[in-house]
Structure formats: structure tokens, C-alpha cells
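Colleague: So TrEMBL says this about it:
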BINDING   A:Asn6, A:Leu7, A:Lys8, A:Ile138, A:Gly173, A:Ala194, A:Ser195  substrate binding site
ACT_SITE  A:His85  active site, electrophile
ACT_SITE  A:Glu133  active site, proton acceptor
Number of protein chains: 4
Amino acid sequence: MFILVNLKAYPCDPVEVASAARDVAEDSGVRIAVAPQAAHLSRVAETDVETWAQHVSPVEYGSHTGSTLAEAAAEAGATGTLLNHSENRLKLADIDGSMQAAERADLETIVCANNPEQSGAVAALGPDAVAVEPPELIGGDVSVSSADPDIVRDAVDAVTAVDDSVDLFCGAGVSTGDDVTAAADLGAKGILLASGVAKADDPRAALEDLVSNL
Amino acid sequence: MFILVNLKAYPCDPVEVASAARDVAEDSGVRIAVAPQAAHLSRVAETDVETWAQHVSPVEYGSHTGSTLAEAAAEAGATGTLLNHSENRLKLADIDGSMQAAERADLETIVCANNPEQSGAVAALGPDAVAVEPPELIGGDVSVSSADPDIVRDAVDAVTAVDDSVDLFCGAGVSTGDDVTAAADLGAKGILLASGVAKADDPRAALEDLVSNL
Amino acid sequence: MFILVNLKAYPCDPVEVASAARDVAEDSGVRIAVAPQAAHLSRVAETDVETWAQHVSPVEYGSHTGSTLAEAAAEAGATGTLLNHSENRLKLADIDGSMQAAERADLETIVCANNPEQSGAVAALGPDAVAVEPPELIGGDVSVSSADPDIVRDAVDAVTAVDDSVDLFCGAGVSTGDDVTAAADLGAKGILLASGVAKADDPRAALEDLVSNL
Amino acid sequence: MFILVNLKAYPCDPVEVASAARDVAEDSGVRIAVAPQAAHLSRVAETDVETWAQHVSPVEYGSHTGSTLAEAAAEAGATGTLLNHSENRLKLADIDGSMQAAERADLETIVCANNPEQSGAVAALGPDAVAVEPPELIGGDVSVSSADPDIVRDAVDAVTAVDDSVDLFCGAGVSTGDDVTAAADLGAKGILLASGVAKADDPRAALEDLVSNL
């Protein structure tokens, strides 16, 4: 199980969350990464937590003002990147371009998708993982296991049918250790979560709960 | 073989091209359709040529100013729609949404893609056909058969691997009857073309040449 | 006072609304126009109502698949176009480009804006009118006069300070004849409205009410 | 005169350019700033050069994955931000939103624009400066003074007519000290430049030449 904590644009202290994630990962043996704002990548990477970008642009070195260059994210310490998050939907051609940029910079990729059909589609582009984000679960308090478990199973099937080397992650609806177990039982190899850790009063305790059943 | 003539925003007379396409389709027995500007759909449909939209928006009936509603395109006479053309790249989620809109309005769909990987990706969404548009052939005078025949074969393979009920069209590099034969030999079930007919001095003669080997 | 009825992507009969608008305009002497889907422009224009596009693309004749060419909208009968509606926000450079396209095709322009600052900004581009759309009034049942009259006054001031030949329209919060009077009292030279007419059981009666105080 | 060096996504060493800019600024007394990739902001700021972001997103703290939060840029050391660069054109509403975000984070703003009309438009939003980027000069080797000096004068006039507290910068066509003098003579209070410094064999020498007449 891989747990990726997306800090979005939250007013949290990225170094505090990163340090907690590093410690819980070490103590539990569970793989945990943190995805901060691009401007915070180097400070987060300095904690030695596994550091991911929230996005990289579909560009190479060149005249691209305001882009997030994959190579710059890597230099700042990122080893992977999210792409096509529901808050940052990309053109299909740009998902492909950003994945090529990530590959050049040796970044792993998790590409988000709305539903099983789109999960199968992005699997065809060969990411490391696809994260399915059922729209009805995004940002809510509903657990994926109680709300719509079939969407995870269907997404696993859709991804596997296209490329069985691509993992399916659960991209929404997980906030507790029981949710993590439920997601794993549905076939998810990883989870994305955000506010459950980043906005928690005690991020370390939230992370410890998440890994408690693993 | 299905020939779709995309009129783009060319300064041609859409009714003249549509009438020629109707006549050549009737005379040759080859399926030929014309995709005009949305504002010209009804005039083109009145010629009785098969009429396609160049795009429909990923929306349902509602508050969507400036959209191209699939149902409105269908009412004006369209029976199919292009999506994600290289001049109108869409977000992956919107390709999915526009395909759902097309389905509600009983429109067939041809979804464009840059390369074999993206062709496989859109095939996972279940369109009627995928049109591969190698960037190096778009808008040029190079024939697909001479320039890069492998991209068509690879796209056929990528699409078939995902869903063998989805046809692969050749979306660029076709302007003569010999190109059509070459595309068919590579496995294409249809072609998209634009300036070769729409900007021809004699659109009828251009269409007759295209179908001459079929 | 100029009343522009935006049909958006509503499931109304565009010809029924257009015919009602034409009749009420003739009977009352008030200028009333209707903006349908691009695919419905020609049918609406055939009623002899003043016909507007909901959007035109910032392009000239050429390779622009899926665009809304200003010249095509004009050929279908449009004599003006909305731009930058809150449901179709444009890049600043594209507002400028679309206005140039509209000018080439002899279309009048009404450019929408969120607030007085943006109203002043678009006035600098020289449209025929700017329609201010306070976000809190869009799509709601609140009247502009009761909710936030100052935004209309401030927008009039902002537009006039930049170019006093540009009219300010009230782009939201108007659904009755009293609202029209209130908007006029605040300095608006026209109004945009949509659901109040397009989704009315009796569009003609809704229009008659709108012009009743004029 | 204010010189802003935009590092875009160039494969330069941002710290080397930043150190040179800091030294030349100190030696010459000319204000010089450097705008790196967001992921490089903190390393650049550590050199004590004046540090700018290339872009900030029109968002507040919240759920905005992949955004460039103004507050995060400021925490990393930025004291200003470019907006609406020709390689990163924004919706008008987002220019306004990004300027509000910049204001909350105490960032100065330079907003780019294509031509005098758009320069006047963005001036209405109240930035610290507008940088006019004539499309024919972007990325080229032509000097603004030789190519089209009137566009700078016209942009100064357009901006001043709307808000005479807003400075006009020359956003393209400057690569030598003589160009800087020419831009100043045309009324520009600052310049943007990129490859002339970032891709120079000797960035320090390039900067020294730029300030040599000031």
C-alpha cells in the first residue's frame, strides 16, 4: 500500500506534515509520500520524506513561462508527480506530454481519472498508477467502501484489461485506517488523501491511524 | 471506407461542397460525410449529405452559454461529431463528457488522437472510431503512406488491443485516391480530410479522385 | 433600453421564443434580440427577430476545427455577439481577438465582466457594450436593485471613465419589468436575461412584462 | 529602470544567474530581479537577489491541486509576480483573481499584454506595471526601437489614459544596453528579458551591458 498525501494549497505547515509522514513511514514500513506546492518542494524534500509534485507541465526545457518543468521539480527533490487531478484536469494530449516530461526527469506518475472508463483510458498511456476519483466522493466525508465500492472494483478491472502492470489507486473517500483496508480489499494498491491529514489537528496521529491496519 | 470532409473555418461554400459530396457518395456507393461550422449545419443537412458536427460540448441542457449542445447539432441535422481534433484538443474528462452528450443525442463519434498511445487511450472510452493525426502530417502535403506508415499500423494495433470494435481512421496525410488506398492497406477504415476538398478549385473532382480506387 | 435574451443551452423552442421576441419588440418599440445556439442561428434569424450569437471564436478564416467563425455566424443571420459570458470566460487576448473577428463580420459586441474593475478593463477594448454580471446574482432569483445596486453604478462609472461611448448593461438579476426600470435608473442601457424568458411557461408574457414600464 | 530577468523553463543554473543579477544590481544601483521556476524560488531568493514568480494562480488557500499559491511563492521568497505572459495567457477574470491573490500575499504585479488596447485593459485592473509584448518581437532578435517603436509609445499612452500611476514596461525586443536606452526614451519604466541573459554564455556580462547606459 502506498499513501500519497496531497497538500494542495492548504494553509498547513508543509514541513510539519512531511516530518510526520517521514516518521510514520519509517515506523510502520508503509510507503508514504507528500505532495506540496512546487514552491515548497525543496523544503519538504529536505525532511527526507518521499516527495512528489502535484503536477508537471507537458513541456521540455525552453520558453514556457509559468510552467512547472519536470526537471525543476526533480532538482528540488521530487521523485514522482500527480497528473490530471480533479482540480487540475488536463487535455488528453497534455497528460501524454506530461508523462513524457516526467519520464525524462525520472519521476513516477500517478494519473487521476473520474470513473472506470477514464481510468482505462489513462492506463493505455502507461503511468505507474491510475487514481480513480469518484466525483461524488471528492472532498466529502463519505467513505469509498460505504458509498460506491463498485467504482473501485470496476476501475481495477478497466485498468487491468488495458495494462495489468498499472496499479489502481483509490483517489477519494479514504480518511481512516478502516477505509485503507476497505480500499485494499477492493483491489487498490495505493490511496490519495489530502484534507484528512493536511488539515488534521494532529497530522501524525491521522497518519498513524491510516497505517494502523497494514 | 468512410470519408469525412472537415470544412473547418474555411472560406468555402459549404453547400457547394455538401452537394458534391452527396453526389459522389451516391454515384460511388462510398460513405462520405461533411462537417461544417455549427452555424452551417442546417443548410448542409438540407442537401441530404451525411452531416457531422466538428465538435460538441460536454454538457447537457442547461446554463451553458457559448456551448455547442449535442442535441442542437442533432436538431440541425447532424448525425455524428468529431471530437478532440488537433485544433480543438479537449480535456480527457471532457472527451468522455462529450461522448456521453453525443450518445444522448444519437450522434456517432470519431475521436482524434496524436499518436498510437493516445489512440489506445480514447479507444477505452468506446467511440465509433479513433482518427490518428500524426503531428508531422497535419496540414502538410506529405502522404501518410510515404511519411510514416507505421504510425497508422501501430494505432490500429493500439486501438484493437483495447477494443476491437473501434475503427481506426487516418486523420491526416490523405489527399488523393492513392493515399486512400494506402490508408486502407494500413488498416484504416476511414479517413478525415479537409483542405484537399474544401479548398480545391473543384471539390467534386477532388472527391471523385478520392473514391476512384474504391 | 436593449433587451438581449440568451437561450444558452436550454431545452426551449428557439423559434417560439424568437417569434415572441419579434412581436413584443414590434408592439412595444423596445429593441429585443435573441441569442440561440450557433446551430439554431439561421432558424431564429428567419423569424426576423434581431439575432445574436452567444460567442464567436478569436479566429479568421482558416484551419480552426470546432470554432465558431464570426463570418459563419453572420451568414446565418447574426448581427451581434456576446463575449466572455460567465459561463464561457475567455483569455484577455481572446476577448480582443474575438472582438476583431466580430468587427470583420460586422457584428456588434457585448462583453461580459464580473465586477466594475473588469468592466473597465473590457471597456478599454472598445466593445459596443459591457454587461456586468455580479457573481452573486447569476442564475439566482435576487433582483439587482435589491441585492447590490452599487455594483451597477460602479460599473457604469468604471466604464465611463475609460470610454464614455461604451454602454453598460446589467447582465444578471433582472427578471421583471420593475427590475428593468431599476436597472435603467442605475444607468444601465440594456439588460441580459435568460431563464426568465427562455424557461418561462409563456415567453411572450414574460417579455411583455419586461417592457411594460418602458 | 527596472530589469526583470525571466528564466522561463530554460536549462540555465538559476543560482548562477541570480548571483550575477544581485552583483550587477549592487554595483550599478539598477533594480534587477530574477523570475525562476516556482520550484527554484527558494534557492534563488537565498542569493538575496530580488525574486519574482513567473505566475501565481487565481486562488486562495484551499483545494487547488497543481496551483501556484501566491502565499507559497511569497513564503519561498518571491516579492512580485509576472502575470498573463504571452506563454501563459490567462482569462480576464483570472488576471483579476491572480492580482487579488498577489495583493493578499504582498506581491508586486507586472501584467503582460499583446498590444496597446490590451495594455489599457489590464491597466484598469490596477497592477504595478503593464508589460507590452508585441507578438512580432517575442523571442526574436529584433530590437523594439528598430522594429516598432510606436507600439511602446501607444501602450504608454493607453495605460496612462486609464491609470497614470501604472508603469509601462517593454516586454520584448530588448537585449542590449542600447535597447534599454531606446525603451526608456519611448517611455518604458522597465523591461522584461529572458534568453538574452538566461541563455548567455556569460550572464553577468550580458547584465553589465544592459545597465551600461543607465
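Backbone N, Cα and C atoms are what each Cβ position is placed from, and that goes for glycine too.
Keep in mind that TrEMBL annotations are predicted by a computer and have not been checked by a curator.
Can you tell me where each of these features sits in this structure?
Modeller: Counted within 10 Å of its Cβ, the other Cβ atoms near A:Ser195 (substrate binding site) come to 18, all protein chains included.
Secondary structure from DSSP puts A:His85 (active site, electrophile) in coil.
The Cβ of A:Glu133 (active site, proton acceptor) lies under 8 Å from the Cβ of A:His85, A:Ser86, A:Cys112, A:Ala113, A:Asn114, A:Gly171, A:Ala172, A:Leu192, each on the same chain and at least six residues away in sequence.
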Colleague: List those recorded positions among A:Leu7, A:His85, A:Glu133, A:Gly173 whose Cβ lies under 8 Å from any Cβ of chain D, in sequence order, or write 'none' if there are none.
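Modeller: Cβ contacts with chain D under 8 Å: A:His85.
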Colleague: Check the DSSP secondary structure of A:Asn6 (substrate binding site), expressed as helix, strand or coil.
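Modeller: Going by the DSSP assignment, A:Asn6 (substrate binding site) falls within a strand, counted as strand.
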Colleague: Could you tally the C-beta atoms, other than its own, that fall within 10 angstroms of the C-beta of A:Ala194 (substrate binding site)?
Modeller: 23
Colleague: Hey, which of the recorded positions A:Asn6, A:Leu7, A:His85, A:Ile138, A:Gly173 is the loneliest by Cβ count within 10 Å?
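Modeller: Checked A:Asn6, A:Leu7, A:His85, A:Ile138, A:Gly173; of these recorded positions, fewest Cβ neighbours within 10 Å: A:Ile138.
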Colleague: Tell me, how many other CB atoms lie within 10 A of the CB of A:Lys8 (substrate binding site), whichever protein chain they belong to?
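Modeller: Taking every protein chain into account, the count is 26.
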